[in-house]
Amino acid sequence: MATNNDNNNIVSYICKRTVVSTKPIEPGKYMTFSVLDRCMEKNHIRMVYYYQSSSTSLGEGEFGKMTKNLKETLSEMLNYYPMVTGRLVRDSEEKWKVKCNDAGVRVVEAKAKGSVEEWLKNVDSEKEHMLVYWEDMYHKPYYWSTFYVQITEFEEGGLAIGLSCFHLLADYTSATNFLKAWSDISLGNKITVLPLFHPLPSTRKRISNHHPYFELINHYKSSIERPIPIKEEKYTIISLGFSHQMVNACISKAQFNGPSGPITMTPFEALAGLFWASISNIKGLQNGLIDMSICLDARKVLGLDYGFFGNTMIYNKVHSNGNLEGNIFVQATRYIGEVVAKMDNEGIMDLIEWLEKNEMNSPKMINGPDLICVSLENVDPYLSVFQDWLKPLRVSCYIEPVLGEGQVLILPGTPEEGPLSRVVMVTLKEDEAIKLFEDDLISQFSPTIFMKC
Amino acid sequence: METPFAFITSPPTPTRSPSITIHNSHCLPSSQIINMPPMLPDFSNSVKLKYVKLGYQYLVNHIITLTLVPIMLGVSIEILRLGPQEILNLWNSLHFNLVQILCSAFLIIFVATVYFMSKPRTIYLVDYACFKPPVTCRVPFATFMEHSRLILKNNPKSVEFQMRILERSGLGEETCLPPAIHYIPPKPTMEAARGEAELVIFSAMDSLFKKTGLKPKDIDILIVNCSLFSPTPSLSAMVINKYKLRSNIKSFNLSGMGCSAGLISIDLARDLLQVHPNSNAVVVSTEIITPNYYQGNERAMLLPNCLFRMGGAAILLSNRRSERRRAKYRLVHVVRTHKGADDKAYRCVFEEEDKEGKVGISLSKDLMAIAGEALKSNITTMGPLVLPASEQLLFLLTLIGRKIFNPKWKPYIPDFKQAFEHFCIHAGGRAVIDELQKNLQLSTEHVEASRMTLHRFGNTSSSSLWYELNYIESKGRMKKGDRVWQIAFGSGFKCNSAVWKCNKTIKTPIDGPWTDCIDRYPVHIPEIVKL
């Protein structure tokens, strides 16, 4: 593993500035947050996109010019995101809201030695964190930017764009669409997925003549009552890629016979089950499963457009019944599948209604001590193609901080690998992560190791 | 700020613009003063006196025509009365001999030649181009305050001060700073300063070439003025290098002369064009912000940070007869006033190091008072050149009256609105424009160009006059024969003014800096913008 000294020499920061939109905003606009947004107040997202240039003619004089073009197109794109360029203020009830004051987003420019391919060959999470800039909230949040963009040019070719944002404002889908919009503008096109800023579907007109989905509500309720853990563990993040065929194999292995014929799992269910079983094994549970929650994007279920800007990530606990017998992996997958099916429109609307009624006690940190498996497959980050650059070579994502057993993020793989290919980013304690590589359950699917410990 | 602004050298009196009724009653001959019944409403009073005033102005301004017409009539009547025979007799009685005739003829020719030779060449302003900053350099208030807070984190009081200045500054959300100043902390390297200079000057020059069809090889005189950035080789050398200008070009680079340097350059160009016949002169006025962003805490020095913004203009002047048709303006007068002899005036805008050794421009508290004094001097020289005879007579009469009869008479402030249709007041800051509006008794429309330029572009120093002129043209208000008065103040302390006469009615420009936003103007600028 590269030492800190080596790391410091590879990436050097050039400067930090603020990029604003090209048109001034009408003063006096405010935007508020939904109950789901407020669940994510303690988290932030980091994403890194790697690019290779399309032409080899980008030589000496071009260094810095690419960054300039990117900043100009970012300016133009920000006209559509008044919420992103605003700043946080507290309203009369001490809750956050955004004052759209046109302050802009922070942009950091950096350069890195070597080429992007070399970098990708031996990258680890610590190195990757140098490509995406983040600042924790200031004492005075009015001067604190909620979004950070880092543009790193590789001296021998290649580009890395790091985007980090406060989870209160945007979830993974919104952040990905933000970058997609930027790439659309850089190509001179219109934005394909325009951001929509509106509240969640209203719960007022609901006729509650059914049993509310208590399990989901209880999960959130217990999160409120639980104090935020202050663990000082050292986590490491590894990244594994599963090809189309391997995911298919995984799905077929997880298949089981239901009452009305064989039930096929989705890639998320299969992979989440796989990692749940494997990690439980590593942590010492021979015949059982550790506590686990899944997290899904509820836009489709709630009938919202993908352009909806905000948070629609719903967490739900998956219960396993004590000692298990037989194939743990298959059973894990079954449990997950059952919970996913129950997270339908009614269930989620019940949750939203409950959260709105219990505003004062909103959970401050929803991703607690469990192992968390997050499905981030709803948007394709590989569609973000900037001018002069090809499709992204790789996309990484981090949802921080992780304070429990661990985190498993399931992202789509590169389009070349096939529609079912996936990239899984696992956050675990260092010694557990090492064991994960040797685990038979995982290695039977021969994943490509993108990022070691 | 109390600004003593007397127009006559007498103890300063506070400026309160006297209403029409009062000052007229002192200036008109007493026979015309009607005993104003106090019950008459003010409106009717002022209407009556308005017509009296108009009549007086017409009488005095056309006095020559009015006296000549009766004389001509009298002579023609006399001639008609005499009859043709009498006239012939009169003609024969005059004995002319050849010598006398020849001498008279030569005398007439001599006088005519001397007159035409000594008449100064007409200087035409063919066209000018203003730099339009890129939108990516835009600085909204929130961003400016945030950066200020992040850079001056140990000095919240200085940040507060800057915020108060910005709130009352009259600037808008679209003013631009150069890229180097956008960084946290700013990176004012020499390379960045040169970069800004190249961006501003070359864009303006390219635009000028396009508008006028001027070829770089045809430039005979080049004057560049930039007060605070003076590298070696000079900025004029930079221009010559970029556009491959001729080797026998007469180039000048004026630095350190403040915001009024633009008009000083025009004056220099005019003098040079008197000496060199058939020549083109290009004047480039700009101010490079990058090296001068003050990074310390001294309040008096933080003010320029809040107001100065990126901008530049390139102007083509010519004395060629062929430009007569297409030139936009004709230069009529340039009046320069320098108050540097007075120590207070000399030190009122002073570049120096603060306690921490950081260099900044310190503005003294009596800036407005000194500006007033300088303006007074300038107007005193300008008045006789431009004011119509009626105003000058009134001024003279009041002056005599104050000296001889009663020193308590209110000083007469000449009405410059009669001499000019348009005013371009250097957009130095809101206070400057407010003061001048009050003291020259200008209407809101007269100072609109200045206020709107301050709002849209900020204080762009010497080039602000050109943005203001472009505003007036973009609004379609510039007609043939209109007279424009450009006034600029600068460190030293200097007050310079130029008078232009519009040569042809100007069509709304299609490629100026105001093209995309002129429809939004004029905007109402609140006293204090809540940040």
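Placement of Cβ uses the backbone N, Cα and C atoms for every residue, glycine included.
Here is what TrEMBL records for this protein:
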TRANSMEM  B:58-77  transmembrane segment
TRANSMEM  B:97-117  transmembrane segment
DOMAIN    B:115-403  domain 'FAE'
ACT_SITE  B:Cys259  active site
ACT_SITE  B:His338  active site
DOMAIN    B:421-501  domain 'Beta-ketoacyl-[acyl-carrier-protein] synthase III C-terminal'
ACT_SITE  B:His422  active site
ACT_SITE  B:His426  active site
ACT_SITE  B:His455  active site
ACT_SITE  B:Asn459  active site
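Of all the active-site residues listed (B:His338, B:His422, B:His426, B:His455), B:His338 has the fewest other CB atoms within 10 A of its CB. Per-residue pLDDT, averaged across the domain 'Beta-ketoacyl-[acyl-carrier-protein] synthase III C-terminal' (B:421-501), gives 94. Non-local neighbours of the transmembrane segment (B:58-77) in the same chain are 388-390, 393; each lies 6+ residues outside the stretch with a CB under 8 Å from one of its CB atoms. Considering only the active-site residues B:His338, B:His422, B:His426, B:His455, the residues lying within 10 A of B:Cys259 (active site) on a C-alpha to C-alpha basis are B:His426. Sequence-distant neighbours of B:Asn459 (active site): residues of the same chain at least 6 apart with a C-beta under 8 Å from its C-beta are B:Cys259, B:Leu307, B:Phe308, B:Arg309, B:Ala427, B:Gly428, B:Gly429.
Taking Cα separation as the measure, B:His455 (active site) is nearest to B:His426 of the active-site residues B:His338, B:His422, B:His426.
Taking only the Cα positions, the spacing between B:His426 (active site) and B:His338 (active site) is 17 angstrom. In the three-state DSSP classification, B:His422 (active site) falls within a strand. Annotation note: B:Cys259 (active site) sits in a helical segment as assigned by DSSP.
Around the Cβ of B:Cys259 (active site), the number of neighbouring Cβ atoms within 10 Å comes to 27.
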